[in-house]
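The structure appears right after this line, and notes come after that.
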């Protein structure tokens, strides 16, 4: 952060004299102020509104203070002159607070719905485990960004006490550590889901490769973040330049590398299901519906693209406590939107169980009857016409299409899972029998 360039002495207002101003400035800043005013002819020495509005005088004071004062002294000088010049007090902390509350609550609700489906289905798959892990590691970022606004994130840097700035930087560091783990598990959730529903060798090979890339990406950037400065405490104290440190990495290079590779992996993951879905023997309407279900990850990628534009300001801003709020906001939003997206395919099952009349799956029993002793099998019963009925289940079909497989014993095994039905459609669904 270029803290030495934060001397923006602007915005003229009402009249003040120089002496009250000089009395509140640090000694180094007093000298700079007097020298800059004495070496110009634009404004009278006692005309504070003119001095506040003069770009030339402000630039001279800024350069002198940057070279002569410590960071702490520079912050005091800026705060004093901004107050004397009547600059407005800016505060946008509430934006981050509300985004964290709303997106965090929706992510929590989504993971509860997904976990409920897994629990009542009596089996937990790896995609369910990864989804739960993604939510767990997202907690630090969401919770800490509820605290940082109270410490001054979203206010002008020079109005925030030094200890609060340090505390905010510590919390940002801790929350970023959880960020890379969260997005890694989010990607793995999608990939394990694809591994389950697309059993062909080519797709599985692609998925395994993407899994390896995802793990390496998350671990690599996680370690790079943890050791971004040596000693580590320089992450939150180095900006003051009061203690020596070995190194701190180029933040802009790190940010762009992490965000760029993250988006590239997202594109690779999103490209996996689309060709497979287009091969299904379904109507265009149903294909479009399925593609929309599997393309919810685009929402996360859109937020990631917006985040790149905002997070780069963290390394270049003259006023980082104020300008970095958007970066924190979109980081929270990206991870929570990702969690909501990985849970969306399970929403219909959840609502089908809770509200069966509205969301229950439909079954056409005209060709089959259920054997009570074989709950997950259908036995051929000849031609018989029976009324269509609705059956509530957590395993309702995504697209309400029933495919059966007949073996020599005339018993057809039907696993009541949306994902299995997708596989059946791929393998055997040349002429799927529609159901209501």
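For all residues, glycine too, the Cβ spot is worked out from N, Cα and C.
Quantities reported herein were computed from a predicted structural model and do not represent experimental measurements.
Look at TrEMBL and you will find 1-112 tagged as domain 'CFEM'. Taken from TrEMBL, the feature signal peptide covers 1-23. Sequence annotations record features per position, and here TrEMBL assigns disulfide bond to 43-50, 52-85. For 96-117, 129-148, 177-198, 207-233, 288-315, 327-347, the entry in TrEMBL reads transmembrane segment. If you look up TrEMBL, you'll see 369-393 marked as region 'Disordered'.
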Averaged pLDDT, computed only over the residues in the domain 'CFEM' (1-112): 77
Leading stretch by Cβ pairs under 8 Å, where the reference is the transmembrane segment (129-148) and the options are 96-117, 177-198, 207-233, 327-347: 177-198
Remote residues contacting the transmembrane segment (96-117) - C-beta distance under 8 A, at least 6 residues beyond either end: 128, 131-132, 135, 138, 142-143, 145-146, 148-149, 153-154, 325, 328-329, 332-333, 335-337, 339-340, 342-344, 346-347, 349-350, 353, 394
Candidate with sparsest Cβ neighbourhood (10 Å radius) among 52, 85, the listed disulfide-bonded residues: 85
Residue numbers, six or more beyond the limits of the transmembrane segment (327-347), whose CB comes under 8 Å of its CB atoms: 95-96, 99-100, 103-104, 106-107, 110-111, 113-114, 117-118, 127, 131, 134-135, 138, 141-142, 145, 148, 153, 172, 175-176, 179, 182-183, 186, 189-190, 193, 293-294, 296-297, 299-300, 303-304, 306-307, 310-311, 313-314, 398, 418
Neighbour tally for residue 43 (disulfide bond), based on other Cβ positions within 10 Å of its Cβ: 18
Distance, residue 50 (disulfide bond) to residue 85 (disulfide bond) (CA atoms, angstrom): 10
Distance from residue 52 (disulfide bond) back to residue 43 (disulfide bond), taken between C-alpha atoms, in Å: 10
Residue distribution over DSSP helix, strand and coil in the domain 'CFEM' (1-112): 76 helix, 1 strand, 35 coil
